[in-house]
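Student: Questions regarding the structure given below will be posed in turn.
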Amino acid sequence: MKGLLDLFKQFTPDEHFDAIKIGLASPEKIRSWSFGEVKKPETINYRTFKPERDGLFCAKIFGPIKDYECLCGKYKRLKHRGVICEKCGVEVTQTKVRRDRMGHIDLAAPCAHIWFLKSLPSRLGLVLDMTLRDIERVLYFEAYVVVDPGMTELKKFSIMTEDDYDAKKQQHGDEFVALMGAEGIQKLLAEIDLDVEIERLRGDMTGSELKVKKNSRRLKVMEAFKKSGIKPQWMVMNVLPVLPPDLRPLVPLDGGRFATSDLNDLYRRVINRNNRLARLLELKAPEIIVRNEKRMLQEAVDSLLDNGRRGKAMTGANKRALKSLADMIKGKSGRFRQNLLGKRVDYSGRSVIVVGPTLKLHQCGLPKLMALELFKPFIFSRLEAMGIATTIKAAKKEVESGTPVVWDILEEVIKEHPVMLNRAPTLHRLGIQAFEPVLIEGKAIQLHPLVCAAFNADFDGDQMAVHVPLSIEAQMEARTLMLASNNVLFPANGEPSIVPSQDVVLGLYYATRDRINAKGEGLIFSDVVEVQRALDNGQVEITAKIAVRLTEWTKDKESGEFVPESKLVDTTVGRALLSEILPKGLPFANINKALKKKEISRLINTSFRKCGLKETVVLADKLLQSGFRLATRAGISISIDDMLVPKQKHDLIERAEKEVKEIEQQYVSGLVTAGERYNKVVDIWGKTGDEVGKVMMAQLSKQKVEDRHGKLVDQESFNSIYMMADSGARGSAAQIRQLAGMRGLMAKPDGSIIETPITANFREGLNVLQYFISTHGARKGLADTALKTANSGYLTRRLVDVTQDLVVTEDDCGTDAGIAMRALVEGGEVIESLRDRILGRVTAIEVLHPETQQVVVPAGLMLDEDTLDIVEAAAVDEVKVRTPLTCHTRFGLCAKCYGRDLGRGGLVNAGEAVGVIAAQSIGEPGTQLTMRTFHIGGAASRAAVASSVEAKSDGHIGFNATMRYVTNGKGELVVISRSGEIIISDQHGRERERHKVPYGATLNIKADQQVKAGTVLANWDPLTRPIITEFAGKAKFENVEEGVTVAKQVDEVTGLSTLVVIDPKRRGAAKVVRPQVKLLDAAGNEVKIPGTDHSVTIGFPIGSLVQIRDGQDLAPGEVLARIPVEGQKTRDITGGLPRVAELFEARTPKDKGTLAEMTGTVSFGKETKGKVRLQITDPDGKVYEELVPKEKNILVHEGQVVNKGESIVDGPADPQDILRLLGIEELARYIVDEVQDVYRLQGVKINDKHIEVIVRQMLRRVQIVNPGDTHYILGEQVERASMLDTNDKMRAEGKMIATHADVLLGITKASLSTDSFISAASFQETTRVLTEAAIMGKRDELRGLKENVIVGRLIPAGTGLAFHRARKAKEEMDDAERRSIALQEAEEQALLTPATTAEAVVGEEPAPPPAQ
């Protein structure tokens, strides 16, 4: 009976494992797995379809092909379970053992495993200290390797050709041993003594950098072998395991052909060659034949393991490369990504979606037929429970016949059972939401209009998938966490996601506009009901201005009850009627204005913060209903007459054409270069297009009407097109400009701008040429979109992979580190206020009042909307907040450092997978980012033309710390710093605006003066960059030779001549000298820089126009030379997605700038051929020098004092330099600002903390600078958390700890270098990751989400984190219990046998224990 029960006991996998280890298998291990040796290459008998004995599908080895039946049919049925048939040798058992029983092949000659040979760096090469080329020559029988030199002069490990070998053999006879093939390699590997090698390498860590690097690499591999207990000779195999046959099936097709897995072909080839080799060895065949066969065997084994890794790939009959074992697991269609990370799911369906305007937010319409299929098991169980069907079979029949009772049961089953809807591509967590199904007729799923924004769905044929959560736990999670009405905020930025759009916005906007002199204007009503009556009877129009008495409910501070308060309000009919839908506690002022899309969003946000989730969802639903109704009633439509072409358009275009003609004239007479002409023309047309757009909008947006008193007044226009754009329902000013203004400039496919614009608009119609020019851009747009989607998806994948294991694991790590946040100000505009930046963060230290120094906000408090009101009132301009970057939690993050969970509005919960959320928030808008990189012109050139800054507000002038200026001969202040900024602060000392001022600008203000708004603070020439002297003196030219280093240019029109510095590449002679100017004082001595003995030397860069004469007297601030900006290389501004990817991959930019390595004084040493030697001397006299190419623009001059990390050579910054010189905080600031710049340009809002989370993951590894007493190796990169753990251990033992330097890894690198080999292997470079892991005998602790998904456990995030914690706690308790029981037993044993213990102590013969 017990056997029978065991039989029905379900096959349960081993639940309890905490880690997975990977290693190399020894030959004994492989044999122990095996159920028999595969000796023949035959597969199955094509007539009987039975497997051949000893072949690749042998039933004796792998198990029976029919359940509980042996091959010859002697034993059938369950009663013979476990019997081995004496006739055919097959065990009688289930056929599914053919999925896990392995076989083996005994190789007649050893074969090297190709992964350890060819996967770079070659592990075999590292262990043997031989080059890959040499090992290959030995393995493939082209050369001998010396295994035992004996008493000869030969060296072990040395390589010899066949001729050498013959010569040496004749000379020395059998004194030495040299071998070919894998045997030789295996022998060498077996003779390596790991301990001795490790000692030797550890002692040999000095000398050249290359040697240290090589030794540390070898040491790492040796230590790995030693630690994991793996013997190096196992990298060469004597036994080959054979995959279970059901994993490489052979399926008979009709017509006598077979479909087979490629592995069978590869195995057959190995077996054939192996058998042939064995026979040749038996026959003692000539060496050369045997050798060839061994080589072929090695090649066959190579292709089986990884086809195409070395040499040509083996091909099948149809010339396509065979799919080897390695190909099975790697790539998108490999085991990891196809089957383990992305599975097909049962209980799911998909259909087209249609709009369901009558649904509530938490509902979706589910077609009846689909529901019937999806909920089948629930219906069956219900039918059985009600006694309508006795068996499942009967229930099935009942359902198929479709009796009315089935539909009733379906209604019952579906009640309160949420289903999940998903729309591909699922770019963020709102791409899957749960809804309560409502049964509908038809075959399309109905979707609530408000969730379309989150799904990015529209109803032009989109499809969605439905999934049914089965277990009670799954239903509960779907209900509490995923229900659409619980997800009303975007996790990326905390804005509401259920904002109405399009028709709804238009309806609400129209109804809340006011029209002058509408019917019923000036009436006063007693309540809203009366207004509704008047509207219904046609006595008032919906846009009429009226007064009405409204009741507002305000919350009482003490009791928390709502108290009514009624007052007379000036409003319009539409707004008064809308007031009905406001929840209690939301003031009428929120809708007493024209509701545009932004306003509606703000309304929903305010409602969420003030009235809570439930009220907000109800409000959103009501807004939706009203909006649709009002839009229908408004009857807004557009006609061609709504597109008003501005009257001034003709004049503006004529003026522009005149300007362009002038420039053409200048170009012909040689005043401007071709490039300047193009830029200016493009600029003129760009400006004209904007102006036409401006006058058009001005004309569209206003209309003249008579008011009640018969006067003509302006009012905002009721033009349909204008209303659509103004409300945010559809279209934008730019699009209206194309309809009624002018289309403007078009781009060529390569992104450069065509200088002849399209002056027509769509209202007037385009001519053939204009239409043709338009097609360029339109087609490129479509092609770009396709590329963009793929690139964006790949970026998201990399981001998710690098952050997937970051989960909130504790409440507070107790640090007070953080970053100081202030408002983001650029060019005098506040781009992002302090409030927006710190909302939802936790304060790191107390926030003090700037004047009274009292505590405004204590440390460790989350800044919500109310707290921020207090902060703003106190005029605080800098707050230090906690950040994921400085969180001290080892594995994971703490809630305080993360702050508010943006998708829910409260402090983040433990178990929230913040890493994945960050990755999704950054990746999701990726498709909106432009791929097109702006070339200078059009968009970018207009920014460059700024030539002055003016104050935007009244205030007090201050300069930043790096601002430096001199007074020139005319008494003007000239800026000589590169990063100077003017700061304007208000009377509280709060910074209001900040303006960057370029080198060479003239200041019109002094420090500490008061200015009025509109004052011009500074101006400069935007088209040239000056070079200015700080000191007075007489100019003395050096190396300025006409025709050699400079050329004289004479202007044909004006006749003036200027000197231009020639590019050294074009010079005939004097290629290495640099034209420069020194200054002499009155006595004729060189002027020195104060405080140094360096003379003032100012170089003229390439292409600069020299503005002074030799011997001229100069005052400080005088311009020595100008560099035309157009002459500078116009660097492409990498924009959009590629820029984001570049930042997260931490790539060093090309033409990168140089930062000062230390604080000190600049000097120039001896120059080399094309480079300048730039030196920095610190106060202690230490010198750092760097060679800078001459064509680079050096931003410093001799004798200037620079600070560590300051820019000294022009160019984009390298993130690695920023980290090294300025630290983590500066690096984070740089990456966050740069990424935000790209997204801001597209109008995408992302919270800073998401980017910080990614930066934390990029910094998660450190490089060991000094290993101390730890087991680390110098220069090794290790996980930060594990290093800190090791150091804690060392401290506890009183040993020396390891010191480290921070390392910044790009996201791809960081994903591949995680401690989890399962996660890394499923990401990219599977072979390399697994090879490395196998040699190191790595354990995967299954910490991240991905590894757990792959091994099929609950993920350690969300509810899964609690489950894992509970499981661990229970295991620990069980362990403790087991130990205590064992102790108890031991004590009892001891009490039973007192004599034995005592005697044993004395040391006599112990007495035999008493008989029990």
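Heads up, the Cβ atoms here are built off N, Cα and C, so glycines get one too.
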Student: Quick one: sort out which of 38-62, 63-87, 963-987, 1388-1412 is the region 'Disordered' according to Swiss-Prot.
Tutor: 1388-1412
Student: Which of D458, D462 has the fewest nearby Cβ atoms, counting only those within 10 Å, among these binding-site residues?
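Tutor: So among D458, D462, the binding-site residues given, the one with the fewest Cβ atoms within 10 Å is D458.
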Student: Count the Cβ atoms, other than its own, that fall within 10 Å of the Cβ of C887 (Zn(2+) 2 binding site), considering every protein chain shown.
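Tutor: If we count other Cβ atoms within 10 Å of C887 (Zn(2+) 2 binding site), we arrive at 25.
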Student: Mind checking which of C70, C88 has the fewest other CB atoms within 10 A of its CB? They're the binding-site residues.
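Tutor: Least crowded of the binding-site residues C70, C88, by Cβ count within 10 Å, is C88.
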Student: Based on DSSP, name the secondary structure state of C70 (Zn(2+) 1 binding site): helix, strand or coil.
Tutor: coil
Student: Just name the winner among C72, C85, C894, C897 (the binding-site residues) by count of other CB atoms within 10 A of its CB.
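Tutor: The largest 10 Å Cβ neighbour count belongs to C897.
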Student: What does DSSP say about C897 (Zn(2+) 2 binding site): helix, strand or coil?
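Tutor: In three-state terms, C897 (Zn(2+) 2 binding site) counts as helix.
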Student: Look up C813 (Zn(2+) 2 binding site) in the DSSP assignment and report helix, strand or coil.
Tutor: coil
Student: Counting only residues 6+ away in sequence within the same chain, which have a CB under 8 Å from the CB of D460 (Mg(2+) binding site)?
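Tutor: In sequence order, no residue meets the Cβ cut-off.
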Student: When the Cα-Cα distance from C897 (Zn(2+) 2 binding site) is computed for each of the binding-site residues C70, C85, C88, which gives the smallest value?
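Tutor: Spatially nearest to C897 (Zn(2+) 2 binding site) by Cα position is C70.
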Student: Expressed to the nearest Å, what is the distance separating C88 (Zn(2+) 1 binding site) and D462 (Mg(2+) binding site) at their Cα atoms?
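Tutor: C88 (Zn(2+) 1 binding site) to D462 (Mg(2+) binding site), Cα-Cα distance: 58 Å.
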Student: Around the recorded Mg(2+) site, report the further residues of that chain (criterion: Cβ within 8 Å of the mean position of the Cβ atoms of D458, D460, D462; site residues excluded), sequence-ordered.
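Tutor: So the additional residues around the site are I353, A457, F459, G461.
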